[in-house]
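Peer 1: Taken from Swiss-Prot, the feature N6-acetyllysine applies to K29, K53, K60, K67. What Swiss-Prot records for K29, K60 is N6-succinyllysine, and it gives similarity to another entry as the kind of evidence. As annotated by Swiss-Prot, phosphoserine applies to S56, S58, with the evidence given as similarity to another entry. The topological domain 'Mitochondrial matrix' annotation in Swiss-Prot covers 23-98 and is backed by experimental evidence. What Swiss-Prot lists as topological domain 'Mitochondrial intermembrane' is 125-169. Among the features that Swiss-Prot reports, transit peptide is placed at 1-22, with the record citing experimental evidence. According to Swiss-Prot, the transmembrane segment annotation covers 99-124.
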Amino acid sequence: MLATRVFSLVGKRAISTSVCVRAHESVVKSEDFSLPAYMDRRDHPLPEVAHVKHLSASQKALKEKEKASWSSLSMDEKVELYRIKFKESFAEMNRGSNEWKTVVGGAMFFIGFTALVIMWQKHYVYGPLPQSFDKEWVAKQTKRMLDMKVNPIQGLASKWDYEKNEWKK
């Protein structure tokens, strides 16, 4: 009895220790959503924060150069300053994406797959159509309803001319 308790205690201790070790394996830093975030949107053209949060040494030097006259900056430097602040220009934001092709392709795949399933069901699952679907059967059924004078006021029998044996015009 004592041996089983010892093994049980050792087993529980080993499991709990390994769980604790695994739990502290990596630390995930969560994003603080109370701070403003960068977003490229046409309806929100000036985001609260810059696109690049941590500047490199060359970008810091360029930011210092920006404080002087802008006429001394080259076109490439102006573009690089713009890219520090914004990820995309309005032309790039307005550019159409090719996502619609993926959506249409996926929809067509599922429509085609559904068509294959329906064809398989018609061939292997469903039996032949009942005889009541034949045109001859429907004609006989209609003739019988006319002979019985079904619904003579507003229905089928009211539209049949019994003297001429044809539909009223």
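Note that Cβ sites are derived from N, Cα and C of the backbone, with glycine treated the same way.
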Peer 1: For the topological domain 'Mitochondrial intermembrane' (125-169), give me same-chain residues lying six or more residues beyond its boundaries with a C-beta closer than 8 angstroms to one of its C-beta atoms, as numbers and ranges.
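Peer 2: Sequence-remote neighbours of the topological domain 'Mitochondrial intermembrane' (125-169) do not exist; the answer is none.
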Peer 1: Using Cβ-Cβ distances, find the residues under 8 Å from K53 (N6-acetyllysine) that belong to the same chain and are at least 6 apart in sequence, listing them in sequence order.
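Peer 2: Those within reach of K53 (N6-acetyllysine), by Cβ under 8 Å and sequence separation of 6 or more, number none.
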Peer 1: Does DSSP give K60 (N6-acetyllysine) helix, strand or coil?
Peer 2: helix
Peer 1: What is the total of other Cβ atoms whose distance to the Cβ of S58 (phosphoserine) is within 10 Å?
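Peer 2: For S58 (phosphoserine), the count of other Cβ atoms within 10 Å is 9.
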Peer 1: Once the chains shown are all counted, how many other Cβ atoms turn up within 10 Å of the Cβ of K29 (N6-acetyllysine)?
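Peer 2: So the Cβ neighbour count for K29 (N6-acetyllysine) comes to 5.
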Peer 1: Identify which of the modified residues K60, K67 has its Cβ surrounded by the largest number of other Cβ atoms within 10 Å, counting every protein chain shown.
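Peer 2: In terms of Cβ crowding, the pick is K60.
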Peer 1: DSSP-wise, what's the residue breakdown of the topological domain 'Mitochondrial intermembrane' (125-169) into helix, strand and coil?
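Peer 2: Going through the topological domain 'Mitochondrial intermembrane' (125-169) residue by residue, I get 20 helix, 4 strand, 21 coil.
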Peer 1: Cα distance, K67 (N6-acetyllysine) to S56 (phosphoserine), nearest Å?
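Peer 2: Checking the Cα atoms of S56 (phosphoserine) and K67 (N6-acetyllysine) gives a distance of 17 Å.
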Peer 1: Cα-Cα separation of K29 (N6-acetyllysine) and K60 (N6-acetyllysine), in Å?
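Peer 2: Given the Cα positions, K29 (N6-acetyllysine) is 26 Å from K60 (N6-acetyllysine).
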